Amino acid sequence: MLSVNTIKNTLLAAVLVSVPATAQVSGNGHPNLIVTEQDVANIAASWESYDAYAEQLNADKTNLDAFMAEGVVVPMPKDAGGGYTHEQHKRNYKAIRNAGFLYQVTGDEKYLTFAKDLLLAYAKMYPSLGEHPNRKEQSPGRLFWQSLNEAVWLVYSIQGYDAIIDGLAAEEKQEIESGVFLPMAKFLSVESPETFNKIHNHGTWAVAAVGMTGYVLGNDELVEISLMGLDKTGKAGFMKQLDKLFSPDGYYTEGPYYQRYALMPFIWFAKAIETNEPERKIFEYRNNILLKAVYTTIDLSYAGYFFPINDALKDKGIDTVELVHALAIVYSITGDNTLLDIAQEQGRISLTGDGLKVAKAVGEGLTQPYNYRSILLGDGADGDQGALSIHRLGEGHNHMALVAKNTSQGMGHGHFDKLNWLLYDNGNEIVTDYGAARYLNVEAKYGGHYLAENNTWAKQTIAHNTLVVNEQSHFYGDVTTADLHHPEVLSFYSGEDYQLSSAKEANAYDGVEFVRSMLLVNVPSLEHPIVVDVLNVSADKASTFDLPLYFNGQIIDFSFKVKDNKNVMKMLGKRNGYQHLWLRNTAPVGDASERATWILDDRFYSYAFVTSTPSKKQNVLIAELGANDPNYNLRQQQVLIRRVEKAKQASFVSVLEPHGKYDGSLETTSGAYSNVKSVKHVSENGKDVVVVDLKDGSNVVVALSYNANSEQVHKVNAGEEAIEWKGFSSVVVRRK
């Protein structure tokens with residue numbers, strides 16, 4: 001059994017695995033994919049002994065029995081995602097898989113008959129299908145609007161067929177295989193070469209579908225092209241996807257939402273490979289990359305939900321079916337009892353042999369707390385294309401988590417938000433990211449597609465908590481250019497007193513460079529950690545700099561006086577996302593630090609900030625999302641934007657402090673006022689010092705040299721004193 005340390009240690013030398021040039025499908029009996037003959041025997045003998053497993057199985061059985069009562073319904077394809085025919089075919093493929101499983105475990109032939117009848121109906125219909133009548137613009141399908149859904153149908157349905165194949169007559173097998181499985185495998189592979197060979201989650205689903213079909217049908221050719229690409233050279237296919245789509249830390253370049261989605265084909269196909277060709281040692285490939293990917297997917301969450309960076313729907317979390325199945329497989333391999341903590345939080349069990357092991361271990365009380373770590377997740381196949389930094393302090397669901405997005409673009413699903421950040425605290429998202437503009441499978445909202453506002457708003461830089469120059473998005477909104485560049489990670493540090501991530505972006509705009517350092521600081525006299533943010537920007541030409549902060553909560557007050565637009569609200573701008581923001585208030589600010597305070601649930605948050613710049617034209621803008629949205633596609637959001645005009649240089653410095661407690665039931669409030677008295681910033685010879693003065697007379701001194709030499713001594717004159725430190729950064733708390 002692989003040790004947990006082996007899996008998590010990203011510095012371990014890669015395990016060299018030789019992959020045979022030609023696949024040799026084993027002669028295993030059926031089922032032989034995700035569930036094996038031995039699994040069936042184990043489940044049948046003991047599933048009622050484990051409450052979690054029995055509850056899940058009985059629930060699935062009840063649901064399937066109700067579905068079966070409706071009869072075999074296989075409509076001709078008509079609707080796009082979210083429409084009736086689309087959803088019915090989705091229900092059908094899940095029913096085929098579940099019926100096959102229940103037939104194996106219970107021996108009740110009604111499940112075999114139902115799965116068989118569904119598959120025979122598809123075998124009769126599929127050969128007559130052309131392109132879907134509501135086909136998607138790219139990679140259209142036949143049964144579904146896009147070929148991606150076709151691949152998902154095959155991944156599920158072939159598992160159901162695997163479970164019933166030994167109970168079918170020869171002519172029934174021939175009809176099903178020649179009518180639907182082989183034609184669909186052909187359509188997804190040789191007839192869709194661009195998608196099949198693509199290093200992308202759509203390609204992963206396609207190769208998994210075709211490869212799993214090959215294992216069940218005993219077709220070496222289907223397995224080999226799935227593993228090595230259509231030309232069998234290894235330049236495409238599953239093995240190349242394992243090489244390219246995950247970083248050495250297990251981070252998927254499109255971000256957590258699509259990492260979650262891609263887990264299913266990766267893990268299920270790998271399980272099928274392990275079952276049929278264990279000599280490949282697929283779960284050890286590339287230094288256990290698939291196991292790391294599952295751990296990383298968990299780490300990319302807070303309070304049960306994934307970080308909504310890039311194209312992401314914010315209601316997706318660790319209870320998603322993809323992670324339920326993946327966790328069971330990884331637990332079976334590692335025996336890591338901290339994964340049981342996640343399994344219990346998921347609230348459901350994978351109905352597989354691996355899921356039985358999870359249920360058994362939970363029932364035996366083996367659960368240990370999962371360790372949500374502060375980690376740096378390198379991006380790109382070699383881990384050298386930027387990184388995602390996750391800093392955590394505290395325990396449980398209410399701990400604080402700071403996310404610094406210093407990653408590569410993330411291909412077509414990426415957003416133009418270099419050096420963006422998010423903050424979580426007290427179980428909530430405090431500094432927020434919009435995610436994607438989409439109502440998945442809600443046909444009334446543009447057929448469930450990504451909305452136009454995904455491009456006009458959600459992907460634009462102004463929709464994020466990062467620097468905007470001259471109201472233009474990063475890379476001027478061009479994804480091809482954006483894919484060529486990534487931030488430079490300058491430093492990552494995780495200590496007891498403070499944590500730090502720092503990165504530089506020099507390509508987002510012509511003639512502009514900006515560096516951002518985010519710190520999570522423990523201050524003994526404060527109840528909660530504080531966030532310190534230092535963003536320096538320099539430009540060749542005088543420019544307008546905007547730095548948004550999207551915050552979640554009800555505004556309490558500002559230290560600055562705002563000018564309200566009483567009679568009319570106007571758009572903040574005309575394009576690049578600005579056209580979707582209503583300008584509510586404006587306020588001129590100067591060189592002294594200012595503050596905004598809001599409340600969320602029972603906790604207050606104060607954002608103290610100061611901007612160092614030669615420009616005398618500084619303003620704070622308060623805006624709301626919703627302009628130019630006639631179809632009400634956009635959620636409400638509020639934003640504080642710090643604007644500097646006609647400047648070549650600016651340093652945006654801020655401190656975010658959680659404080660106090662409000663109890664509406666008891667009608668009590670404590671600590672409603674910020675503990676931060678002022679924020680001061682000094683820059684000298686490319687070094688920064690930030691002094692956070694607290695009301696109790698103490699202060700926090702943050703020093704940044706941007707020099708990685710840990711022995712190099714640095715000095716900055718801050719007022720009447722000289723601040724000295726060694727290395728890239730220093731944080732000192734000085735008591736009164």
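Easy rule for this one: first residue shown is 1, then count along the chain.
Backbone N, Cα and C atoms are what each Cβ position is placed from, and that goes for glycine too.
When the candidates His413, His415 are compared with the Zn(2+) site entry in Swiss-Prot, which names Asp433, His464, the shared residue is His415. Working note on the binding-site residues Asp433, Glu667: by count of other C-beta atoms within 10 Å of each C-beta, Asp433 ranks first. Put plainly, the recorded positions Ser147, Asn149, Asn201 were compared by Cβ crowding within 10 Å, and the winner is Ser147. Looking at Asp433 (Zn(2+) binding site) and His202 (substrate binding site), their Cα atoms lie 25 Å from each other. Cα separation, Glu667 (substrate binding site) to His413 (active site, proton acceptor), rounded: 46 Å. Taking the Cα of His464 (Zn(2+) binding site) as the reference point, the closest of the recorded positions Lys136, Ser147, Asn149, His413 is His413. What surrounds the Zn(2+) site, by Cβ distance within 8 Å of the Cβ centroid and not counting His415, Asp433, His464, is the set Ile309, Asn310, Lys405, Asp417, Asn420, Tyr434, Gly435, Ala458, Lys459, Ala463, Asn465, Thr466 from the same chain. Of the recorded positions Lys136, Arg260, His413, His464, His464 has the largest number of other Cβ atoms within 10 Å of its own Cβ.
Counted over every protein chain shown, other Cβ atoms within 10 Å are most numerous around His415 among the binding-site residues His202, His415. Across the fold, the C-alpha of Ser147 (substrate binding site) and the C-alpha of Asn201 (site 'Neutralizes the sugar carboxylate group at subsite +1') stand 12 Å from each other.
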